[in-house]
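For reference, the structure is listed below as structure tokens.
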């Protein structure tokens, strides 16, 4: 089996906290130097690389003299702010040894949820790659609370892969890859060398939590691979402890777990909608509407809606749930939540008589709807 990285031109590489820190006692300058060297080698092969790096909070803890990761959000944000200084400095100096310029980019999920900011971020990243710069990306933990508590850089790596239409996402961790079961508990567990991204059985295999320094367990990596597949990006989950792992993957050596994107690449606009991590609201739809959306490729009409959850405005991304609560699709709504409550279960011909106007006959047009 040949590594998919060998034939990939544009890569997103995510490096976890444990691979760039001294067990939480600040940044490991030597390790970061090795990553810079391997990425420089990939660049020499004509590959474009965007690096998503953890480590800011761990570095901030070291600089502030903290031995335990704080639980308070404001202290986590303070550590991130202090640590980002050191993280940027080390990467800049190590890549400079290879005559490579770096750029620091701090993103939040909100940046990628807003269409205009999303396109601006994409334009900036593509320009940096064209100029031969290696972008170093991290979540902007200093100003965001939800991401510190629940977010992870695996997901961010997948979002960036979709943003720049990367060929592959490489998630480097302190584990060998995905196993059929937890190898710490099951001696019969074997490494999954290759599977389809998004295969349902993968989520059942992926268990366990991340280390005390990082936030992402194996499940987040599996879900990240599923998300990256939206843009056709394959994913490799491999151990960053393997010597020259990036160089070996680029040479075609199969290391870790390969998750292949089998689904057709989404159109850019639909991909952006699918990548929304936090939708504004939900509509519950009946079984007939579920069938029309999933099998018929139809638009969502008001008559198929049986419930409205949350508050949303026209033009915002909302999720469509089945009666069982499973997300079926998401898309841009033509009506606000207040308007939707008035027209639900009604045929489109009655919209004007209920509201006094009709913007569109559909709640979500099929061109603005994506299955998930």
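Keep in mind that glycine also has a Cβ here, set from the backbone N, Cα and C atoms.
Taken from Swiss-Prot as is:
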{"type": "BINDING", "residues": "14, 173, 174", "note": "ATP binding site"}
{"type": "BINDING", "residues": "54, 141, 153", "note": "substrate binding site"}
{"type": "DOMAIN", "residues": "280-358", "note": "domain 'PUA'"}
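Annotated features, which come from Swiss-Prot, shown on the structure.
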residue : record                 : DSSP (3 states)
14      : ATP binding site       : strand
54      : substrate binding site : coil
141     : substrate binding site : coil
153     : substrate binding site : helix
173     : ATP binding site       : strand
With residue 141 (substrate binding site) as the reference Cα, tell me which of the binding-site residues 14, 173, 174 is the closest one.
14
Quick one: pull the CA-CA distance for residue 173 (ATP binding site) versus residue 54 (substrate binding site), whole Å only.
11
Fewest other C-beta atoms within 10 angstroms, as judged across 141, 174, which are the binding-site residues:
174
Cα of residue 54 (substrate binding site) to Cα of residue 14 (ATP binding site): how many Å, rounded?
8
